[in-house]
Amino acid sequence: MRHFLTLNDFSKDEIEQMINLARKIKKEAKTREFKPYLKDQKLAMIFEKSSTRTRVSFDVGMHELGGYALFLSKNDIQIGRGEPIRDTARVISRMCDMAMLRVDKHETLEEFAKFSSVPVINGLSDKFHPVQLMADYLTMLEFSAGEKVAYVGDGNNMTHSWLMLASKLGLELRVATPKGYEVDAGILKMANENAKISGAKIFITNDIKEAVNGADVVTTDTWVSMGQEAEKEKRLKDFAGYCVDENLMSLAKKDAIFLHCLPAYRGYEVSEAVFERHADEIFSEAENRLHAQKGVMVWLDERRR
């Protein structure tokens, strides 16, 4: 049995297997051919953090695969009242076939997975957001984007997940963050170790122009994530100059695509003009959460038999 907590847990071949499954299932769905890959299976969705895309995509995805999803906020279950994670994991995994958690701390996810007897999926944690990166990579393939990726912004869970994806698949990744907001040193070390095997090129800088120059894909994320509201004023000041606008995009390749995991705050991390010019890519990326996650769930199910 396998869990889906971070892309660092998978080989290049395994990641590509999941992506190929996602492409196959998406093609079937476009013709309204919904095969019951997960017939009558139950997905427990545990949310410590609210979401639009994560909730809708997993709920709809499970339904289209022949199963159903159960939404559980932290206030709906005893986790919110102090029940140990290990106990919740053992109860839920006796009643459900799979669990997806969107949590504040990655350690919560690891503890749940340790005591779960069914596959556990990371729907988001403070360290990683791997399901989003599966959607991003699927979108890159669909738009025939090249392999040079520039990430501009906070060294957060999205950046860490890009480091894992790029280092596993052999992509070139350039990360530009303001000083004081760099990526986690331990995660960067893991990425560099992976790169020695895959041939990936990892470049870290504080210079956004250096990062974006000649890029095939430019991506960013919000400057103020959930739980960081108290830091908003300081962050807006520190990230000034890190907006992906038309001038910055002009440094990328002419056919470069722009990705954003959403929600986007126009005028901050991305300009209105760039967002609307690349809206098809961005909303295809959002839709691909549905398809990529189907691929992940089916892949996990196949490997517990």
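Backbone N, Cα and C define each Cβ position, glycine as well.
Proximity of ARG289 (carbamoyl phosphate binding site) to non-local residues of its own chain (separation of 6 or more, Cβ distance below 8 Å) is seen for ARG53, THR54, SER57, VAL131, GLN132, ALA135, given in sequence order. Sequence annotations record features per position, and here Swiss-Prot assigns carbamoyl phosphate binding site to SER51, THR52, ARG53, THR54, GLN78, ARG102, HIS129, PRO130, VAL131, GLN132, CYS261, LEU262, ARG289.
For MET226 (L-ornithine binding site), the number of other Cβ atoms no farther than 10 Å from its own Cβ, over all displayed protein chains, is 13. Per Swiss-Prot, the feature L-ornithine binding site maps to ASN157, ASP221, SER225, MET226; the stated evidence is sequence analysis.
Same-chain residues that are not part of ASN157, ASP221, SER225, MET226 yet have a Cβ within 8 Å of the Cβ center of the L-ornithine site turn out to be LEU124, HIS129, ASP154, ASN156, MET158, THR222, GLN228. Neighbour density around each Cβ, counted as other Cβ atoms within 10 Å, peaks among the binding-site residues GLN78, ASN157, SER225 at ASN157. Close to ASN157 (L-ornithine binding site), meaning Cα to Cα within 10 A, are the following binding-site residues out of SER51, GLN78, HIS129, CYS261: HIS129. The two recorded residues, ASP221 (L-ornithine binding site) and SER51 (carbamoyl phosphate binding site), have Cα atoms 15 Å apart.
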